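After the structure tokens below, expect a handful of questions from me.
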Amino acid sequence: MSFKNFKDKIEENDTVMLYLSPQSIHVIKVMPKIVTRKGNEVENIFQTVYGALKVMDLVGMSYGAKVNLTKGYGYILQPTPELWTVTLPHRTQVLYTPDISMVLLQLDIRPGCIVVESGTGSGSLSHALIRAIAPDGKLHTYEFHEQRAKIASEEFKEHGFEDLVVVHNQNVCEAGFGLENVADSVFLDLPSPWLAINHALTSLKSNGRICSFSPCMEQVQKTCIELEKLRFLEITIIECLEREFQVKNISVADSELFSFDNDSVNNSLKSFRGFTTPLKMPGHTGYLTFATAPMKSSLSQEIEVVNGS
Ligand SMILES: C[S@@+](CC[C@H](N)C(=O)[O-])C[C@H]1O[C@@H](n2cnc3c(N)ncnc32)[C@H](O)[C@@H]1O
């Protein structure tokens with residue numbers, strides 16, 4: 001299985017998505033046995049609110065097919081970075097699709113790009129970055145937590161991304177990225193991003209783009225001060241607040257019009273096709289601070305002038 005390429009039929013060892021509803025999507029590994037918490041190896045049967053699924057029955061089925069569960073049904077979908085973001089095992093806070101799409105756009109991430117990211121965390125953003133730089137780009141992702149770096153590395157391999165990503169287990173605030181003038185863009189999701197900005201500048205090409213994601217305005221302020229000190233240009237802060245309108249059949253049964261005088265409402269008006277605003281809206285996630293790296297040649301001339309040479 002690969003997140004990179006779509007295929008028709010499900011095979012053993014594929015990672016698949018079981019879709020029950022927009023709020024209920026599950027990731028399943030197609031393998032005959034699983035190990036229970038008590039360490040026993042048992043047949044791989046996946047339990048859902050609509051009953052059980054014998055996982056090996058999926059082998060040979062087409063992706064997109066409807067699958068019967070003991071008390072209902074679901075659909076088996078190909079894995080994508082978007083579905084991975086909502087199903088992945090959380091080891092940390094993660095970036096979600098509205099922020100991810102803004103990052104991809106603002107950092108101008110395209111096939112062939114060299115991208116630097118830290119921290120890797122749960123790999124939510126990494127999956128979207130890797131798909132965007134394929135087939136010949138490279139993601140260098142840095143994580144100082146050894147276990148997280150190891151698990152992310154294993155997941156990338158399992159998802160067929162081994163040629164597109166290098167996981168570095170290091171503290172970027174102390175050791176930097178070990179790259180010079182090669183990165184098209186740098187993305188930071190760190191508690192103290194301002195400590196990594198000078199290292200990011202070293203890694204970036206002239207005019208490369210940087211983004212720092214921070215939940216708190218105090219982090220943004222310190223980051224902007226450092227960006228300005230290092231002569232970054234076009235500093236912009238964006239907060240993505242998503243408001244999704246749902247297109248659906250709206251019943252007028254509950255409306256005031258209908259309850260006021262049942263008889264006067266034409267039956268054909270009891271339900272109509274329309275759209276509604278969401279009952280719940282996701283709120284603040286974080287601020288995205290973007291900037292453009294200065295031309296390296298003009299930066300070194302400026303430093304020479306300051307030093308009087
Ligand atoms: C919020 S998580 C990143 C989540 C990630 N963006 C995602 O979408 O899954 C932040 C990660 O940065 C790592 N981290 C914090 N400081 C670091 C540093 N100085 N160097 C490398 N990694 C660091 C943490 O261990 C943590 O896993």
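Every residue number used here counts from 1 along the chain in the order it is shown.
Each residue, glycine too, has its Cβ placed from N, Cα and C.
Relevant sequence annotations retrieved from TrEMBL are reproduced here:
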- Ser122, Gly123, Ser124, Leu125, Glu143, Asp189: S-adenosyl-L-methionine binding site (BINDING)
Taking the recorded S-adenosyl-L-methionine site as Ser122, Gly123, Ser124, Leu125, Glu143, Asp189, identify the other residues of that chain whose CB atom sits within 8 Å of the mean position of the site's CB atoms, giving them in sequence order.
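Here the nearby residues are Thr92, Val94, Leu95, Glu117, Gly119, Thr120, Gly121, Ser126, Thr141, Ala152.
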Is it possible to get the count of other C-beta atoms within 10 angstroms of the C-beta of Gly123 (S-adenosyl-L-methionine binding site)?
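Result for Gly123 (S-adenosyl-L-methionine binding site): 31 neighbouring Cβ atoms inside 10 Å.
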Are there residues of the same chain, six or more positions away from Asp189 (S-adenosyl-L-methionine binding site), whose CB falls under 8 angstroms from its CB, and which are they?
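Asp189 (S-adenosyl-L-methionine binding site) has long-range Cβ partners Leu95, Glu117, Ser118, Gly119, Gly121, Leu125, Ser212, Phe213.
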Per DSSP, to which secondary structure element type does Ser122 (S-adenosyl-L-methionine binding site) belong, with helix, strand and coil as the options?
coil
So for Ser122 (S-adenosyl-L-methionine binding site), how many other CB atoms are inside 10 Å of its CB?
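So the Cβ neighbour count for Ser122 (S-adenosyl-L-methionine binding site) comes to 22.
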Which residues of the same chain, at least 6 positions away in sequence, have a Cβ lying under 8 Å from the Cβ of Glu143 (S-adenosyl-L-methionine binding site)?
Ser118, Gly119, Thr120, Gly121, Ala149, Ala152, Val167, His168, Asn169
In sequence order, what residues of the same chain, 6+ apart, have a Cβ less than 8 Å from the Cβ of Ser124 (S-adenosyl-L-methionine binding site)?
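Set apart from Ser124 (S-adenosyl-L-methionine binding site) by at least 6 residues yet with Cβ under 8 Å, we have Trp84, Thr85, Leu88, Val94, Leu95, Tyr96, Ile100.
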Provide the three-state secondary structure of Asp189 (S-adenosyl-L-methionine binding site) computed with DSSP.
coil
Neighbour count, 10 Å Cβ-Cβ cut-off, for Leu125 (S-adenosyl-L-methionine binding site): what number do you get?
25
